[in-house]
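S.K.: This is the structure I have questions about; it appears just below.
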């Protein structure tokens, strides 16, 4: 725990990379555990909503709105980080919030879009098969 505190206090030389941010983050902080739980719930809802289009569309739109608002959330968190965190993770570039908040939400939205494309291709294939079957039946009648 002491090494995390020392690492967080060291000045950065240039923009931090992914490995630097991951190494300097105290993953045992309650708010980060809560955020991880939120992402697990979002992923489960993504998986369970495949058969319910309206739920999936609402879930998709909520996640897109959250990603859109990430900059504002980052600014708010940067001003009030002492209320919920031991360290100031929220920089002006938004690298931390992009990694721990936006990236998992975007992965979920990509899963949903891939599912939509897959289903659309299946419907198009079924439609073309049906059209060919109807055409073949018409040709038989002639």
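Each Cβ is built from the backbone N, Cα and C atoms, and glycine gets one as well.
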S.K.: With reference to Swiss-Prot, is residue 17 found on the same side of the membrane as residue 137?
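M.R.: Opposite sides, per Swiss-Prot.
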S.K.: List the helix, strand and coil residue totals of the topological domain 'Nuclear' (115-142) as derived from DSSP.
M.R.: 27 helix, 0 strand, 1 coil
S.K.: Please indicate, using numbers and ranges, the residues of the same chain that are 6 or more beyond the topological domain 'Nuclear' (115-142) and have a C-beta under 8 Å from a C-beta there.
M.R.: 50, 56
